[in-house]
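Pulled from Swiss-Prot, these are the features on record:
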REGION    1-45  region 'Disordered'
REGION    73-112  region 'Disordered'
DOMAIN    233-501  domain 'Peptidase M66'
BINDING   His393, His397, His403  Zn(2+) binding site
ACT_SITE  Glu394  active site
Amino acid sequence: MGNGERPPARRPDSSGSPPPAADAPAASNHPFSSHDTKHMTSRRLASRTAVAASLSALMLAACGGDDSANAPTAGGAAPLTPAVASPAGPTGSTPGSTPGATTAPAPSSTSAGQLSVDKMAFAQTHVVPSGGLSWTLPNASASLRPISRRDALVLVAIGQADAVQPVLEAWKDGAKLGALALSPPSALPPTESGGRAYANDRWSAVVPAAWMVPGVSFSVSASNYTSSVAQAPVFGTDADVQLTILPFYLFGADDTNSPPLSTTQAPDAATQQEIFAKWPTAELKVRTHPAGRFSLATVVVGPRADRTGAAQPAYPVTALDQQKDGYGVMSAMLTLITNMRTANGDGPLNDQYYAPLIALNSNGQFANLGGGLGGVGSGAAVGDHRYTGIFIHEQGHAFGLNHAGDEYAKGAYPYAGGSLSGSVWGYDPNHREFLDVLVPTTASSYAKCASSHQLDAQGRCYKQDPMQGGAGDQSSGYKFATFSDYNTGRMQAWIASRVLADPASSTGYSKWDSAAQARAPYTPTTDNNGLYGVNQNLPVQAGVPVHTIVVSFSKAGSAGASYIYPPFSYTGNLIATFDPTSAADRQAITVDKGTYPWYCKGTGCDYTLRVTYADGSQTYRVLQGGFRAWWTPTVDDANATNPLSGSSFRVWAINVPGDKRIGKIELLDTPMVWNGMPANPTVLLSR
């Protein structure tokens, strides 16, 4: 990309954070969690193979959703394509249909004496045909494929009613991997809450994760028929997802007056299993951030409207009830955790961050947060500590999902009003049962759902997606309601798009190649001439001592809004940053001429962090981005000094070497620092 090309679109806000999606407070009567969790928990959930000694089937998995508010009315907009109402009783085929979804046809060339397979599907998070599902909508497209390297319940409809002792065979590269006896339709797993049967003609078996890989094909034989035509599933990514939990204890909250770290630092084991059942990943790894927690006495809220809609300047908060709207502190914390994730080199990776916010009011009492925020596609979200509907909804935003009802209205979601009317069924391996698209009788929403949900021809309620009022649509015993197949496919796409730290790769990184159905070595590159960082902000040093420093700054001079947060130290990563006292580093970021000619071109490089260690040594780091007009790094933005504008407020986060204790942190005024470092720069802030 040449230096003279048209500038790329500016990112949504001045701090570099994705736009958050605000969610109405979710009703909750949960007390403080009392589950005991080891300090600094790090749990690893791999897909589990549960093949019985007889090699007949057990069940596998998708665990449903639970979420936020704003369910549509039953009289909402019509589906993009007509939905077919699900039949009431047992059926020989999957109940329901999938508007807008396309399934790959099964092989059909069968010779005499050969077993025919009418349908083959794999139940993981959802019941997905071997060729996958795909959608083409007016303003979006998506696909959902069987998940590679994850156990699956295979479901087979056999064409011959007299087949005796059918067996599923797995083959790869001409070699037989093994065979599984198929359980008869009478042994099919039940449906949640004792609901209608998924089907009455499906034979089944649990396929181990080792067989659920590209290149494997499956055929079915019987003692009285030869093997069927083989089907090779089209697989989605085999990537894992890491969930990093970083609790924020705010305004004096601690283990004596609030839910303790032992219960906030990670979901309990059962909840982790349910999250894994929900997300389309081969493995879920849950860890508490190596810092443990981040305790803050003060939080700075950026310019935003108050409860009445009136614009307010940035301001400091020392108790939750001081915020001027219900999402002020959450918004500030989402910006912090998003920027900290980037500073640690986790931005492009398959790592989702979640920050439980534990806060006190001005009376010193624990305050119920009542909601959450997630940066759409950012990989980061904040919310309460209970790991229920708020959590799964906000992490949905982090995966790139918006509110499903809004997306339906825009032609970017296939099912009316953000519902599951038309989705394939889900499946949960932990309960070993199918998840209907209809609200189950044991759901808390069941009794009154007709006034707020889409209805089928018999007046029964369809579930809402967790991204549109699904909280309460799950069966008793579940924490989360059921995502639609479409939104699960979009989560799978987010996972597939991530860079994977991969020791098996020659470069140390890999990415999923959907066409090849395989990981390919990935070499980090600097996009957009360094506009958003170097080498995609991947680590240049990993697993080293670091100090994370967060600075908020109001160029408008709003009272108390310019603030250096207390640093915290842990074992983390360092990304490429620049020392303005080095001529070589200044040359590298010189606008339009340096190695990274756009590094400072977006909104300037006018501020420097100076860190003085306890031994007197110092380190300097340029803070990328400031208050310049977009693509004019020598001219201030028109609203740079307008206290009511987000253009007057900035939050930076940066990691610096942490092998020595910090003595002082200073923010320096260094205008257009690529031209030279001032001999005696003005100190704007000091801690």
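Just so you know, glycine gets a Cβ as well, placed from its N, Cα and C.
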Most crowded position, judged by CB atoms within 10 A, among His393, His397, His403 as binding-site residues: His393
Euclidean distance between Cα atoms of Glu394 (active site) and His403 (Zn(2+) binding site), Å: 10
Within the predicted model, mean pLDDT of the domain 'Peptidase M66' (233-501): 98
